[in-house]
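Enquirer: Straight out of Swiss-Prot:
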type: BINDING; residues: Lys46, Tyr203, Asp204, Thr205, Asn283, Leu284, Arg285, Ala286, Arg287, Tyr303, Ala304, Thr305, Tyr306, Arg310; note: ADP binding site
type: DISULFID; residues: Cys42-Cys296; note: disulfide bond
type: DISULFID; residues: Cys124-Cys202; note: disulfide bond
type: CARBOHYD; residues: Asn11; note: N-linked glycosylation site
type: CARBOHYD; residues: Asn27; note: N-linked glycosylation site
type: CARBOHYD; residues: Asn113; note: N-linked glycosylation site
type: CARBOHYD; residues: Asn197; note: N-linked glycosylation site
type: TOPO_DOM; residues: 1-51; note: topological domain 'Extracellular'
type: TOPO_DOM; residues: 75-87; note: topological domain 'Cytoplasmic'
type: TOPO_DOM; residues: 110-125; note: topological domain 'Extracellular'
type: TOPO_DOM; residues: 148-166; note: topological domain 'Cytoplasmic'
type: TOPO_DOM; residues: 189-214; note: topological domain 'Extracellular'
type: TOPO_DOM; residues: 238-260; note: topological domain 'Cytoplasmic'
type: TOPO_DOM; residues: 285-303; note: topological domain 'Extracellular'
type: TOPO_DOM; residues: 326-373; note: topological domain 'Cytoplasmic'
type: TRANSMEM; residues: 52-74; note: transmembrane segment
type: TRANSMEM; residues: 88-109; note: transmembrane segment
type: TRANSMEM; residues: 126-147; note: transmembrane segment
type: TRANSMEM; residues: 167-188; note: transmembrane segment
type: TRANSMEM; residues: 215-237; note: transmembrane segment
type: TRANSMEM; residues: 261-284; note: transmembrane segment
type: TRANSMEM; residues: 304-325; note: transmembrane segment
Amino acid sequence: MTEVLWPAVPNGTDTAFLADPGSPWGNSTVTSTAAVASPFKCALTKTGFQFYYLPAVYILVFIIGFLGNSVAIWMFVFHMKPWSGISVYMFNLALADFLYVLTLPALIFYYFNKTDWIFGDAMCKLQRFIFHVNLYGSILFLTCISAHRYSGVVYPLKSLGRLKKKNAVYISVLVWLIVVVGISPILFYSGTGIRKNKTITCYDTTSDEYLRSYFIYSMCTTVAMFCVPLVLILGCYGLIVRALIYKDLDNSPLRRKSIYLVIIVLTVFAVSYIPFHVMKTMNLRARLDFQTPEMCAFNDRVYATYQVTRGLASLNSCVDPILYFLAGDTFRRRLSRATRKASRRSEANLQSKSEDMTLNILSEFKQNGDTSL
């Protein structure tokens with residue numbers, strides 16, 4: 001099953017171009033339009049696969065991400081105090097992931113509803129804004145975690161003052177400010193648009209009207225909040241691996257946690273972040289510059305691959321809790337202790353309720369004068 005769609009048109013624009021028989025929407029019943037027509041524009045062909053892949057991935061991410069990050073936040077708040085510097089970064093990473101997974105039910109419904117958005121323009125903007133805040137917030141907090149571990153492994157004595165919790169708190173506040181300010185243009189670029197068949201789309205990028213300026217903005221954020229952090233992370237990990245090879249850390253917990261950190265973070269980048277940014281850039285270029293009849297089939301393949309990477313980009317919310325468990329400071333040990341304590345408390349409560357029930361039964365028998373017991 002395939003669905004051929006003309007590009008959606010943004011809400012609230014002039015209808016003059018829409019009435020033009022030469023426009024893609026010329027004979028449609030749509031009541032709004034994009035700004036300026038191009039000589040030729042490829043019609044987007046969506047396959048049935050795209051309607052089911054993303055909601056399936058989002059359901060998986062919501063279930064695993066909600067449970068994993070809920071447990072992580074519970075652990076950091078109630079069982080990990082006093083926090084170390086790396087715990088501060090991991091808590092903020094868990095918080096960013098948790099806020100993102102809370103937005104997924106609306107997206108899941110959107111795709112099961114044949115990509116017809118019913119929640120309004122403001123909710124669409126908020127949805128896309130939170131996705132990008134999570135995406136780049138996660139990247140920057142992973143960079144902070146990597147730099148923190150690098151300082152602890154390569155310069156264990158010199159970095160004692162720099163690795164204090166207070167400094168980590170200041171850096172975390174700065175990261176949130178950078179991300180929120182840097183991503184705030186998404187609130188302008190994203191939004192809803194009306195398709196030819198009167199269904200409403202929620203742009204994951206922007207409408208054709210603002211596409212060229214959005215491409216420039218997207219490249220700036222990609223360089224500043226993806227490429228630069230990736231270079232820093234690779235540099236940190238290269239020096240960490242070198243230090244682990246030349247230092248006598250064969251059986252130390254620091255060596256084990258550092259190795260886990262390198263493996264998990266590089267896996268997240270290789271699976272989630274790198275494919276997403278590559279295909280997002282290619283998709284934007286295709287929409288801008290590859291609008292010829294010969295390129296339409298290629299554009300469809302680029303768009304389909306981009307949709308796959310959108311699902312992969314959300315998987316980091318599932319993987320990050322594994323990072324806390326394997327690479328965090330005493331997280332696994334304290335989680336085990338907390339679950340044992342909760343289990344003992346549950347057993348004690350159950351035993352107490354059982355004893356209370358027995359006493360109540362005996363009391364009722366005595367009040368009724370029954371001495372058969």
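Cβ coordinates come from backbone N, Cα and C, glycine included.
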Enquirer: Please list the DSSP helix, strand and coil residue counts for the topological domain 'Cytoplasmic' (238-260).
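Expert: Residue counts in helix, strand and coil order: 17 helix, 0 strand, 6 coil.
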Enquirer: Mind pulling out the one from 167-188, 215-237, 304-325 with the most Cβ pairs under 8 angstroms to the transmembrane segment (88-109)?
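Expert: Most Cβ pairs under 8 Å with the transmembrane segment (88-109) come from 304-325.
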Enquirer: Record lists Lys46, Tyr203, Asp204, Thr205, Asn283, Leu284, Arg285, Ala286, Arg287, Tyr303, Ala304, Thr305, Tyr306, Arg310 as binding ADP; longest Cα-Cα distance in Å?
Expert: 18
Enquirer: With contact taken as 3 or more Cβ pairs under 8 angstroms (pairs 6 or more apart in sequence), are the transmembrane segment (126-147) and the transmembrane segment (52-74) in contact?
Expert: no
Enquirer: In the same chain, who gets a Cβ under 8 Å from the topological domain 'Cytoplasmic' (238-260) while lying at least 6 residues past its ends?
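Expert: Same-chain contacts beyond the ends: 149-150, 152-154, 323, 326-329.
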Enquirer: Taking the Cα atoms as reference points, how far is Cys124 (disulfide bond) from Arg285 (ADP binding site) in Å?
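Expert: So the Cα of Arg285 (ADP binding site) lies 23 Å away from that of Cys124 (disulfide bond).
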Enquirer: Out of Cys124, Cys202, Ala304, which of these recorded positions shows the lowest number of other CB atoms within 10 Å of its CB?
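Expert: Comparing Cβ neighbour counts within 10 Å for the recorded positions Cys124, Cys202, Ala304 gives Ala304.
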